[in-house]
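Engineer: Take a look at the following structure, please.
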């Protein structure tokens, strides 16, 4: 789903220090920041644009990268983390597949969850904690939230962003500061404390929070070339490596997701498939313990196809083929009947069952990752929940989207939003969970 509202709240930018703090940037061509790490942290070469302070065997109070490992381009952290900052350090088991179902915390069953794309962009920790309190109390186990926030120019003071793609220099900057990945750090730490599992996508197909066009604006190419442009894919993989390296030991991660609703209109399905296969293999090379999925809408199906637009391959996607990629652990699909030009409950049920058949044939579970109807939260979508719950291989559903009253007012309302504690919350969430 396109995240239609921006939540850009203020937070203090961490001050630069003589040494890079935990997970800070410590080397890179044209890098003018710290080149040593705090005690107990080593400067680790990640790619041609970025070296990062990671936990490791520093033998003295600082560690310096050899000149032979200086990257050939720049990715600098505009504000380094400080020694007072706490990174996620939770313990527990990793979520995994178990046949056609998911296993979380040793339990193999059907799970319910939701989406709250805006959560890492909040700067009030109490607001983040309140969200997780309510998810935990309700019994929602999986939360999908954005792991990206791409910009082409540095925003106003304190505005949260994760990565700068500089149009003038053609270089990328990962923001590990207090208005950057430290916000995602807090979300993951809070998820650990509350026993909630997170799905983290790395890029957006849509322009909200930068998306693929933020890359294109800085490095050239077009939307259909994004998946094959060498410069873009190198920067994209550098970002993946920074994120996965930062959180790969956290049990709060349910799955890494290649992107939100990737499309390549008019392209051969080879384009997205090859990207899926290559990127998922790369993620598994960094982190073999967490699951990986595509983030796609589920378009491009021959099973039970009625010839409608979502079943077609017009957007360059082949659901069954993408699911079959060796390093994809489970399938995901979305459902928005009005946006896609289909309008009844029966079509939605058909869509759910079609994907379940493909997942069952592949021997992998399906996750009904986004669904909803504008301003009608207790109608057809409840029937879709029941269909998902009772169809083999459908093993979890996440409604779009969660809403809550925050210290700054209500969270974004795109008319799909279901606010905690309302009558709609009871019929669409509480009653659904009671049936699992």
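Backbone N, Cα and C define each Cβ position, glycine as well.
Pasting the relevant annotations from Swiss-Prot:
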- 1-18: signal peptide (SIGNAL)
- 19-54: domain 'CBM1' (DOMAIN)
- 60-88: region 'Disordered' (REGION)
- 79-113: region 'Ser-rich linker' (REGION)
- 114-436: region 'Catalytic' (REGION)
- 146, 260, 336, 400: substrate binding site (BINDING)
- 261: active site, proton donor (ACT_SITE)
- 370: active site, nucleophile (ACT_SITE)
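Looking at the shown structure, what environment does each listed feature sit in?
Structural biologist: Model confidence over the region 'Ser-rich linker' (79-113) stands at 82, taken as the mean pLDDT rounded to a whole number.
A sphere of 10 angstroms centred on the C-beta of residue 400 (substrate binding site) encloses 23 other C-beta atoms. Under DSSP, residue 400 (substrate binding site) is assigned to coil, being neither helix nor strand in the three-state scheme.
Residue 261 (active site, proton donor) falls within neither a helix nor a strand when secondary structure is assigned with DSSP, and so counts as coil.
With a cut-off of 8 Å between CB atoms and residues at least 6 apart in sequence, the same chain places 1, 115, 144, 297, 334, 335, 336, 398, 399, 400 near residue 370 (active site, nucleophile), listed in sequence order.
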Engineer: Counting only other Cβ atoms and using a 10 Å cut-off, which of the binding-site residues 146, 336 scores lowest?
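Structural biologist: Comparing Cβ neighbours within 10 Å for the binding-site residues 146, 336, 336 has the fewest.
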Engineer: Using DSSP, would you call residue 146 (substrate binding site) helix, strand or coil?
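Structural biologist: The three-state answer is coil.
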Engineer: To see if you understand the setup: which same-chain residues, six or more apart in sequence, place their Cβ under 8 Å from that of residue 260 (substrate binding site)?
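Structural biologist: Residues satisfying the criterion: 146, 201, 203, 204, 205, 206, 295.
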Engineer: When you measure from the Cβ of residue 261 (active site, proton donor), how many other Cβ atoms are you left with inside 10 Å?
Structural biologist: 22
